[in-house]
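**Q** Pulled from Swiss-Prot, these are the listed features:
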- ASP12, ILE13, GLY14, ASN15, THR16, SER17, ILE18, ALA19, THR135: ATP binding site (BINDING)
- TYR94, GLY109, SER110, ASP111, VAL112, THR187: substrate binding site (BINDING)
- ASP111: active site, proton acceptor (ACT_SITE)
- ASP132: K(+) binding site (BINDING)
Amino acid sequence: MNKPLLSELIIDIGNTSIAFALFKDNQVNLFIKMKTNLMLRYDEVYSFFEENFDFNVNKVFISSVVPILNETFKNVIFSFFKIKPLFIGFDLNYDLTFNPYKSDKFLLGSDVFANLVAAIENYSFENVLVVDLGTACTIFAVSRQDGILGGIINSGPLINFNSLLDNAYLIKKFPISTPNNLLERTTSGSVNSGLFYQYKYLIEGVYRDIKQMYKKKFNLIITGGNADLILSLIEIEFIFNIHLTVEGVRILGNSIDFKFVN
């Protein structure tokens, strides 16, 4: 029996997890993850592909913030699909509907870059604040008219939680969850409250400040593997899109100017 055709495989290699998205008819048909391991071997990745990807693809686009794994994935993909994957980056040339850089290009993680591109290309917004809550918490602003405005990078909730456990002798590990109240009466409840309300106030504070700074309306888009823990706390209208990064990687891969690719 022939394998079903899914034309594009998008891979987002992050610090905590590696996301795989298969696109069919411009929709995410399959979305799965594996844990990031800096020691991942060729045979481990190949076995993962055998178990999960009984599909044909004709394009593979990758965003990676863990370059030590790039060669392994490149080799596995070529062996498995007979395709050379394209690694997207902020410093390549793309044919987009807007110019991300109105001045000199500056160093930007490929995942952040993909988020910002998707926020403009996939939505009819003029100005967007994009929050990605994963290993790190990134909050970046982008404008259709002025390009990427900049942003802030903070540690994500799990890093903050583990740092507290490592440095506070009397606080023992417990499951983290969205707090019921701002002010809690137990240690675990208070830690949960502090852990997640800080992101609520960070996101809402940055959102209000940039609106005042630029005197413009900004739409808010939230993504990231840990975002679900804070969504119920946010009191500003927002869009949640768990696929924002892979959508951006796909847009970039399909709009690249191959004259500038080695």
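Note: Cβ is positioned from N, Cα and C throughout, glycine not excepted.
How buried are the listed features, and what sits near them?
**A** Its Cβ placed at the centre, ASP12 (ATP binding site) has 23 other Cβ atoms within 10 Å.
Residue environment of GLY109 (substrate binding site) contains 19 other Cβ atoms, counted within 10 Å of its Cβ in all protein chains.
For ASP111 (substrate binding site), other Cβ atoms within 10 Å of its Cβ number 28.
Within 10 Å of the C-beta atom of ASP132 (K(+) binding site) sit 29 other C-beta atoms, taking all shown protein chains into account.
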**Q** From the binding-site residues TYR94, ASP111, THR187, pick the residue whose C-alpha lies nearest to the C-alpha of ILE18 (ATP binding site).
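**A** Of the binding-site residues TYR94, ASP111, THR187, ASP111 has its Cα closest to that of ILE18 (ATP binding site).
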**Q** Inside 8 A of the center formed by the CB atoms of ASP12, ILE13, GLY14, ASN15, THR16, SER17, ILE18, ALA19, THR135, which other residues of the chain have their CB, for the recorded ATP site?
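**A** Apart from ASP12, ILE13, GLY14, ASN15, THR16, SER17, ILE18, ALA19, THR135, the close residues are LYS33, THR36, VAL65, VAL66, GLY134, GLY225.
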**Q** Could you tell me the C-alpha distance between GLY109 (substrate binding site) and THR135 (ATP binding site) in angstrom, no decimals?
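**A** Pair distance, Cα basis, whole Å: 13 Å.
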**Q** Give the three-state DSSP assignment (helix, strand or coil) for THR187 (substrate binding site).
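**A** Going by the DSSP assignment, THR187 (substrate binding site) falls within a helical segment, counted as helix.
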**Q** Note down the number of other Cβ atoms within 10 Å of the Cβ of THR135 (ATP binding site), including every protein chain shown.
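**A** I get 20 for this one.
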**Q** Fewest other Cβ atoms within 10 Å: which of the binding-site residues SER110, THR187 wins that one? Let me know.
**A** THR187
